Amino acid sequence: MEGVVHTGTDASAFKECFSLTWKNPYVLRLAFSAGIGGLLFGYDTGVISGALLYIRDDFKSVDRQTVLQESIVSMAVAGAIIGAAVGGWMNDRFGRRMAILIADFLFFIGAVVMASAPNPALLIVGRVFVGLGIGMASMTSPLYISEASPAKIRGALVSTNGFLITGGQFLSYLINLAFTNAPGTWRWMLGIAGLPALLQFILMLLLPESPRWLFRKGREEEAKVILRKIYPADDVEKEIQDLKESVEAEIREEGCAKINMMKLLKTKTVRRGLIAGVGLQVFQQFVGINTVMYYSPTIVQLAGFASNKTALLLSLVTAGLNALGSIVSIYFIDRTGRKKLLLISLFGVAISLGLLAGVFHETTSHTPMVSRIQTSHFSNYTCPDYSSATNPGAWDCMKCLKASSPDCGFCASPTDKLLPGACLLSNDTVKDLCHDESRLWYTRGCPSKYGWLALVGLALYIIFFSPGMGTAPWIVNSEIYPLRFRGVCGGIAATANWISNLIVAQSFLSLTEAIGTSWTFLIFGVISVVGLLFVIVYVPETKGLPIEEIEKMLETRSLHFRFWEKSQKPQEKKSQAV
């Protein structure tokens, strides 16, 4: 039925999807062209994590100021909040196709500005442009795919948008690795994002507008021409009639009463749906997922891996697991159920964050000592704070890295990185001297024998997060609201997600600097436990339930607390009542 988002996709749907798309390549072109928006969304999320390592090397002000690093990351999120808000209006006013074209233009401009930025300020401006494009594309691409796909395979095609997002993140890590030895490393990483944006712009120029939007604007003949290309001849007339009736019903409903915030909050089913939907979106971000995606190479370095290239290579594992998790979710979401998957996910996330907190506590409290002999080997470059210290014998690597007038780094022992090393000034000359003697140079984390456990913790975190908390909040939000409130409530929930994303991205490095990496992950772990309790109390199981049953459940607040038991189907409840 038109106007309903079909989120359930099973194996037969995917088989039919592949068979129909080969029979009708036009449908494949539509889905692929719009899906590049999801790829761009994922690419930018992942690419900044690697690029940031090299931006800090080029701009010393960024390396010294945590706020600048956070701003470079989070300004894209701030732009996405505005882009999503403007994108909703633009979708209705100018159409889905035009919104995607404008998003591509903004993204391309942002990529060019970032790649050519002579200073951090202009780099941040480029990030804002990219964010505007991401915000518009993130909501428009799945909408266009949904409205321009055959009903039988709509769910399968729309669900691939999530896979393209995680696929874009994985691609970004591969691109980061490819340019680690190229001149102007980070400029290539950020600038190359303009190519898929340009490709999508060209492809979308050759494709039509959404037939649903055309019907709403009274351009029925144009819509019918497109629908005849999408649907088989024996289905197209029925689809045209269904679409016409659906659009007319929507217009009648909109004319009855205007939706406002007070009306939403006074409607019991909507209010309870918003608590569940918005709560899930907020917890999705506050358990720290985008600290892992935005800062994973930095986290790997904090765990004691010195090389930028090694950090990027190891971070590639998290991106790959995230993409794999989105495929696992598509398979299990309709078999296991939303609530059970969410609870398993949050339980695993809490355990993983507890492991990460423990590992980082050990890596920071058991670091190699600073040796006076090793330091004197580089006599002209000794860290001033170490030279003037009253008790230099108590200095270890972590204390050396915390020296700030000026910044200092740790040059590890040439025989074993865990043995005492040298505390030296942090600059490119000293870094090169250290490397020339086959020593490792540390400025963001210290050598540790527990570093590999941090990788295990990160991998476990992604394995548990991606199939559940990664996708289920979006699915629940598409099902939990009454049909006529679904658009506005979904927009509120999506905005809450972006704002939460911004808060976490803007505060993570400052938190690690203020209270330490261990305590930061512990806070995320506590939030995960609170999120688990929230899901048990406030989130209903919507698996297999029609909209009417979900509304009735929210109305009576008969939430299914015993999530491990199979919920009764509506027919069974009626027979028991008789």
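Counting starts with 1 at the first residue shown.
For all residues, glycine too, the Cβ spot is worked out from N, Cα and C.
Now, the feature entries from TrEMBL:
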- 30-55: transmembrane segment (TRANSMEM)
- 30-543: domain 'Major facilitator superfamily (MFS) profile' (DOMAIN)
- 67-86: transmembrane segment (TRANSMEM)
- 98-118: transmembrane segment (TRANSMEM)
- 124-145: transmembrane segment (TRANSMEM)
- 157-179: transmembrane segment (TRANSMEM)
- 185-207: transmembrane segment (TRANSMEM)
- 273-296: transmembrane segment (TRANSMEM)
- 311-334: transmembrane segment (TRANSMEM)
- 341-360: transmembrane segment (TRANSMEM)
- 450-476: transmembrane segment (TRANSMEM)
- 488-509: transmembrane segment (TRANSMEM)
- 521-539: transmembrane segment (TRANSMEM)
Legend entry - Other parts of the chain folded back onto the transmembrane segment (273-296), taken as Cβ under 8 Å at six or more residues beyond its ends: 45-46, 48-49, 52, 73, 169, 264-265, 315, 318-319, 322, 342, 346, 349, 353, 458, 461-462, 465, 469-470, 472-473, 476-477, 480-482, 485, 489-490, 492-494, 496-497, 500-501, 503-505, 508-509, 521, 524, 527-528, 530-531, 534-535, 538-540, 554
Legend entry - Contact check, the transmembrane segment (521-539) vs the transmembrane segment (341-360), 3+ Cβ pairs under 8 Å, seq sep 6+: yes
Inset, instruction - Considering only the recorded stretches 30-55, 67-86, 124-145, state which has the highest number of Cβ pairs under 8 Å to the transmembrane segment (311-334). - result: 30-55
Inset, instruction - Please work out which recorded stretch in 30-55, 98-118, 124-145, 185-207, 341-360 has the most C-beta pairs separated by under 8 angstroms from the transmembrane segment (67-86)? - result: 124-145
Legend entry - Surrounding residues of the transmembrane segment (98-118) on its own chain - C-beta under 8 Å, 6+ positions past either end: 34, 37, 40, 44, 83, 87, 90-91, 125-134, 136-137, 140-141, 144, 187-188, 190-194, 197-198, 200-201, 204-205, 209
